[in-house]
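Written out below as structure tokens is the structure these notes cover.
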Amino acid sequence: MQKDSSSNDTPSNHLGRVRHRKRSTEVSQDANKANGANLLVNDRNKYKSMLIRTHSSLWMIGAFAFIIYMGHLYIWGMIVVIQIFMARELFNLLRKANEDRQLPGFRLLNWHFFFTAMLFTYGRFLSRQLVNTVTSDKLLYQLVSGLIKYQMVICYFLYIAGFVWFILTLKKKMYKYQFSQYAWTHMILLIVSVQSSFTVANIFEGIFWFLLPASLIVINDIAAYFFGFFFGRTPLIKLSPKKTWEGFIGALVTTMFSAFVLANLMGRFQWLTCPRKDLSTAWLHCDPGPMFKPEYYSLQGWVPQWFPWKEVPILPVQWHVLALGLFASIIAPFGGFFASGFKRAFKFKDFGDSIPGHGGITDRMDCQMVMAVFAYIYHQSFVMPESFSVEMILDQILRNLTFEEQQTLYEQLGKIFQDRQAMPP
């Protein structure tokens, strides 16, 4: 009887201790929230994390600056590498080793879909640059023109091949896992391949339209971290308990100011503002266009007489980037909140461990993807000139006409010019 009594008391005491610890923790957290003692700056363990994060951030910024200096083609290569790492991290999230052992080649099928999507998206965005690169070689030009003309058909049948491959690999008792992986693969294609293609399109419209939006996301992230670290008291959203209103508002002000200043600095370099028409790495020279030509605003009546500057130069693009700064501060963070909610749903902290102090590549790119799409849409809608240009017409000719048809067009245009010159004035 005594033995039974002691055995019955043990779980009761154990559960009591568990409840006591939980109740004690909740009271402590409530007390901290009440008196404002939950500032991250008061948590000494966070300083080590901050130093690791800062060190890796400096390395990333240095490598990023070097690649920007190298030019458009190298930036595109960087984006492709980032895409592959992101896809690898996302493919591994829901992977189950036991099921994969029973499905040889299933991982290869995922990569087949991924690279097919890359071929389709980049083929659509970069066909003009590819054609302009090979115009000097007639045989290569004809080959590339043919591939571009039938690129959609090629990609479609590559996808159909993967679809048939998937159906043929279905196994009894594995249907649920296989179809969930199939759906997850297509979500990865939407998140990674499609959105990254907008990033590459921004690069070839001018590095400015890639670098500035990406920089604003980084500035917003850093500012939110430090404002939240030193001043954060009020939680912002339950999905990310460490996000605070103080960090959010401080980052908003910092990002808007940085957008206006950085646009003026970056807009002065043709290397950043000129669009790239081919896939070469040569230095760029172009007419910057009205967006990057300064307009002077008088300060008379606004500043005292002793103030040295009587007028201030502002590039028209500086007003446009305020919209980018606003989006980077208010909307783009929801890409991070989405990622946080996803990680909580599947009970893991980070998408990977590629970057010390930051997690995986996907953890750093969640907001960048949302921002890149908006930057492309904004540029095409509000910045690009609406009228047809010589470049746009040439692009259509090179993309849609065969070499013989282009020669015929050239001869006909020559006759039209000769007839006009022969006409009396």
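Heads up, residue numbers simply count up from 1 along the chain you see.
Glycine too: its Cβ is placed from the backbone N, Cα and C atoms.
Taken from TrEMBL, the feature compositional bias 'Polar residues' covers 1-13. Annotation source TrEMBL lists region 'Disordered' at 1-30. Positions annotated as transmembrane segment by TrEMBL: 58-87, 108-127, 147-170, 182-201, 207-232, 244-263, 317-339.
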Interface check, the transmembrane segment (108-127) with the transmembrane segment (317-339), three or more C-beta pairs under 8 A: no
Recorded stretch, among 58-87, 147-170, 182-201, 244-263, 317-339, maximising Cβ pairs under 8 Å relative to the transmembrane segment (207-232): 244-263
The transmembrane segment (182-201) versus listed stretches 58-87, 147-170, 244-263, 317-339: most Cβ pairs under 8 Å: 58-87
Long-range neighbours of the transmembrane segment (244-263), counting only residues six or more past its ends (CB under 8 A): 212, 215-216, 219-221, 223-229, 231-236, 315, 317-318, 320-322, 324-326, 328-330, 333
